[in-house]
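Trainee: The structure under discussion is supplied below as structure tokens; questions concerning it will follow.
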Amino acid sequence: MMNHFMFLAVLLHLRTAYSQQESFVFPVTYLNVHKDLALQRLLVEWDVGKSAHDAELVMSFEIQVRRADEAIVWTEFLNVTLDKSGKRLRWMWDSDLPLEFYPLPPFQLWEEYTDAEIELHWEQKEKEIELFCQAEVWQPDGKAKLYNSSGTQLYRNSITLGRLQPYTSYTARVRCGAAKHFWRWSEWSKAHPFRTKEIAPSGKLDIWREIKPVLRGRNVTLFWKQETGFQANGEIISYEVTWEKVVDRSKPKHISLSSDHNSTRISIDNHPYRISIKARNNVGYSHPSVMIIPGAADTEKKLSSSELKEEHVNGTGNGILISWKPRDKSDRYIIDWCNFPMLQPCDLQWKRFGPNTSSALIKSAAFVPGVRYNFRIYVSAANRASLLEKKTGYLKELPPRFDPDVKKVELGYHEVTLYWDAYPTDEMHPGFLRGYHVYVSPVQEDCNLKGSKKHVLAGGSVLCKFTIENPEERSYTVKHLMSNTKYKLAVKAYTGGGETPIINFRYIDTPTDSRMLYLLVLFVVVPSLIMAVCLWKMKWVKDCCCPVIPSPNKSKVLSFQEFKIGSEKVLKLSDCIPDTLVLDNRAETKKLHQQSLMSSMPTEDKMDDENLSSVYHNENEEKSFTSTPTPQTHTWFENFAYSSHLAVETNPYKAPETIDIGRGEPSAALYQPQYYLNILNGAAASSPGEAAGRKNNLRYISQTDVHCIGRRL
């Protein structure tokens, strides 16, 4: 057994060597003991007062080495002569026994229970040594807690352990050290497992429900779990479920379920009910958890009045964020959801939040990408819960599993219309359908259509991409295509997770646009032909559409010596070279002369009597004559070459020899040409044949050699 030693240096009475006086005692002013464990040696260093050094006294020291139990193991006397240098005194001792000592570890641990504490006991071999001990207790969460003894222990080896949880397993161990002259702890004792005693459960169960209407009542599925404040304090052996009507307080119904249950279903009518659930162990029951199931009429009224719409929520990578509008006078909010929506039962989960909360991040190890989770938010007040909002979302959206099924394609010269069936949007879909993408491109080249975006495939080819943001759309028309061209198309549905790669294309051929050929002929060929014909017949067209009208100023009739009356040129008869009028029939001359005399009548009377008209003759007119006598008619020729703006007061129809020249003008006979040459037709001829012959012999020659239409300039 290793021993613990205590060292004591005693300064004895000293006597000087130079006199016979009595000895003087000097106190030790400094003492230090050092252990060299490797050599098992003690090094002692001490000193006395400065006056002893100054006196250079011869001193004797008695040194004793004792154990902690006061037993002396070594005594030695040391004589030393001091000097004025003040050097400290030293002594070295080699021990045959170990220089260290600490107790053996405790053993045989056991515990005693009280109402709220445990007394931990053990045995110790050192019976006559006063010890100080320490216990280490490992809790269920893996954390350790240290308990120290309240005082030194000589005959009583125990520590009180407090604040332990009921019916909980712990592990303890103990170590001790010398209460006096403590050097180090002993080794730990062996671990000692123990369990605290069982008491009645504390706290309440966290309970929830799911209500489904049935014929003449409702089926209520009840769920429960141990919330944070609940302590089983023992082994739960059963759950007690009780329900009763709220109004008439009829005899309650009760069922007891074993500890392996966490849900049950009961059937109730349409009245409001009060339901309570509590846990039981071998000692007692927990406090009951209570909820009120409203009457069916009240529930239907609330749901129908709100008409809640399911809103979309988004995942954040490690959970799904839910938010809601807070309500006044609420105790708390409850959110429920299914961890496995596609299974039955779906593993219904719920979580409660305080009245000042309006959002929560719902986390679950069961959440996986591509699965839609439905959340219902309830507001609770006085143990009554009512539906507040509904949410649905994904931890992470994935692309659609398949493409829309294009059922019909309508082709146009420059457009194509695609029709597809309604795309499924149920809970099996791996994401919320956001819309569609239509891809199109010519087979032989890249696409560049108006209103589209470029989409580059992995191979480098470029497609035109059109986005349809309405998921309810069932058709789309791609415009601005070229006729008689082969195109490839694809329709893809997309979600918040994107879309799958394009693998399959649909190929189409736009028809040839015959309307373009028609327009080409109408606007190019026909005008070209018309222009060619017009150029070919330009002179004929010009003569027909725009005949040349002779100008009197350009006529040869004005090629005479100037003679003016006022500002007007006057044509002398002698200077005039008139057109030639040839009459083969001499009798016609007399009649013409008579007709000229008749021109002296007023113009208006003559026009009324004779019913004048301008007639233009050509060679074809003679074919219309018959042997039937015709009434007497007049033929008038308008000779534009002789028109003059000169106002003549005399009768323009008088013969030249009848013109009055007795005025005081120059002695020159003025001649005014007639505007019209009135030829009496048919009077001088005895037959239509003679008249026709006469007309054929009548020639009118213009000075400009141009035949003009008979009208006044």
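Glycine is no exception: its Cβ is also placed from the backbone N, Cα and C atoms.
Okay, these came from TrEMBL:
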DOMAIN    103-199  domain 'Fibronectin type-III'
DOMAIN    201-299  domain 'Fibronectin type-III'
DOMAIN    400-513  domain 'Fibronectin type-III'
SIGNAL    1-19  signal peptide
TRANSMEM  516-536  transmembrane segment
Trainee: I'm checking region-level scores; what's the whole-number mean pLDDT for the domain 'Fibronectin type-III' (201-299)?
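Mentor: It averages 92.
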Trainee: Looking only at the domain 'Fibronectin type-III' (103-199), what are its DSSP counts of helix, strand and coil residues?
Mentor: 0 helix, 45 strand, 52 coil
Trainee: Count the residues of the domain 'Fibronectin type-III' (201-299) that DSSP assigns to helix (H, G, I), to strand (E, B) and to coil, and report the three numbers in that order.
Mentor: 4 helix, 58 strand, 37 coil
